Amino acid sequence: MSDVTHFSKVVAATASTLVSGDLSQSHVMRDISRPAFQKRIFSFSKRPSELVRITSSSKDVLLPDEMLVDIPSNENQFSLFQGFQATLPEHSVGSQLLLGDGSKVGEKSAREQLVEGKKSLSHKLDLLEVRKALAANEITEIDARVAHLQSMRQIVFDRVASLEQQEFQLESEVLRIDAELEQMEEEKEEVIQRHDYETRTPEELEDDVVDLKSVSEKLQSASQKTLPRRNLSRRKTQPTLQQYYEPGNKIRQIKAHSDSVTCLDFDIPFGTMVSAGMDLGLKVWDLSRGDLVTDLKGHNASVTCLQVDNNVLATGSADATIRVWNLDQVVSNPDAQDEGDDAYTIHVLDSHVGEISAIHFSDHTLVSGSADKTIRQWDLNTGRCVQTLDVIWANSAQNALYSNDRLRTGFDANAPFIGAVQCRDAALATGTADGIVRLWDLRSGQVQRTLQGHTAAVTCLQFDDVHLATGSRDRSVRIWDLRMGNIFDAFAYDSPITSLDFDNRRIASTNGENTVKIYDRAAEKHWSLGRGEGDPEAPESTVVKTKEGYLVEGGGDGVVGVWAC
């Protein structure tokens, strides 16, 4: 009996502890303290039964305030049961009448039928309202999820941008160290060669026939600045951030010049950009930050054309000179120019006697076109002109060409005589003021093929392995098949084409309007981007360059816009 007594005391103590505080119920405590309950405890081992009979109603069940704190507010005007009813399938009234007793229909008066019909329609209307509210709630939930995903995407997007910025910085440092190591190796070889020559005995000098002039030239060339090596495969990282922008979105805007932008180019997306303007400025920019690196000095007039190829910059100016710059030195030591204007200059090419209107270089060959009606080929290793191509037909047509402002063919006599050039290996393509595109062989200096179709001056061109794209003042862009020599595709805009750039996916061009024209080559679709899309009063776009879905355009107000395309 002592064990049973001990058990009853433990049960009573435990029960009093569990139901104490806010969760206590007075009638349960009264039942436990009654003698009848104690008697049932003693007989529990022989006749198991319910210790406490719950006789309380729902009105007696109370919830403490602590359990009601986190209940959300009911913003829905419909009950849970109404929502359940709205999800049940409907049965048409007509089918119910047909399935029921048809004799009862006639017994009802017309008024009763109308009242029942109204009730049925009202019920359906209520169900539709509930369903509409449920659908609206789903839309709200989806919008909230989309907003949350967008915020998460922005966080990851910023993380990718930060990682790419760190990659660019480390990559630039690696390339700078590689360039210094290569320079040290070259200097070491030069020292060894000088030492070997200076330590030769008089007998060795007498035995060998030495050309003093050639030795002097070698020593002089060794002391000159050399063209840095350009190898794109050296870059271990490639930018990808531009792929995550929607086409047509603005990435950045830079107030680059105080006057119209005449030309620009960049190496890679978010890399290094060089721009020139009518304000005589020639500036180097960090596209990842939008910061000015330095302002290059050297030309005595505005820069009319330029090209950036990895770590080399070539600029052509209205002062009839071409300058070749080392961009590695510009980026690594932007203050070196304070010591002199030639701190970054590799070569100054000054054989032309007229304004430089077009340049292009590939590997160690640079080709330039000038207002002096000549095309010159340069060796970038030595900085010397190795060939001059004279456009003979221009001399005979000069009087007719400039006798009035506009010819019968429709092109403007004020257009550059040589509007565009591009070279690759021994191939050269030129576009001139007569609207003809000529394909040259640099080995022979002869024209191999002419492409005729434009009716005004050719202002820009670019070719790859298969196609050549040309833009003209006749407002058209033509794509030529280099294998067959005929037109592959053509389209026109409302104004003369001023610049053009293309890749396998799209052709971007400017035509004096305030937007950049994009032609999707795969979808054969035209669309536009630029400040003019949202502002009809925006200034015109003067020049465009694009690479891998990353587009940079210069405006007539000196602003450079960076866009995703």
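Cβ atoms here come from the backbone N, Cα and C positions, even for glycine.
Across the coiled coil (119-224), mean pLDDT in this model comes to 76. Summarising the annotation, Swiss-Prot assigns coiled coil to 119-224 and lists sequence analysis as the type of evidence.
Taken from Swiss-Prot, the feature repeat 'WD 3' covers 351-390. Remark: secondary structure over the repeat 'WD 3' (351-390) totals 0 helix, 26 strand, 14 coil, with classes taken from DSSP.
Summarising the annotation, Swiss-Prot assigns repeat 'WD 5' to 453-492. Sequence-remote contacts of a segment are chain residues at least 6 beyond its ends whose Cβ falls under 8 Å from one of its Cβ atoms, and for the repeat 'WD 5' (453-492) they are 409-412, 415-416, 419-422, 424, 429, 431-437, 439, 498-502, 504, 507, 509, 511, 519, 526.
The repeat 'WD 7' annotation in Swiss-Prot covers 534-565. Under DSSP, residues within the repeat 'WD 7' (534-565) fall into helix, strand and coil as 0 helix, 19 strand, 13 coil.
Listed by sequence, the residues of this chain that lie at least six past the ends of the repeat 'WD 3' (351-390) yet keep a Cβ under 8 A from its Cβ atoms are 221, 226-227, 230, 304-307, 309, 312, 314-322, 324, 416-425, 428, 430, 440, 442, 445.
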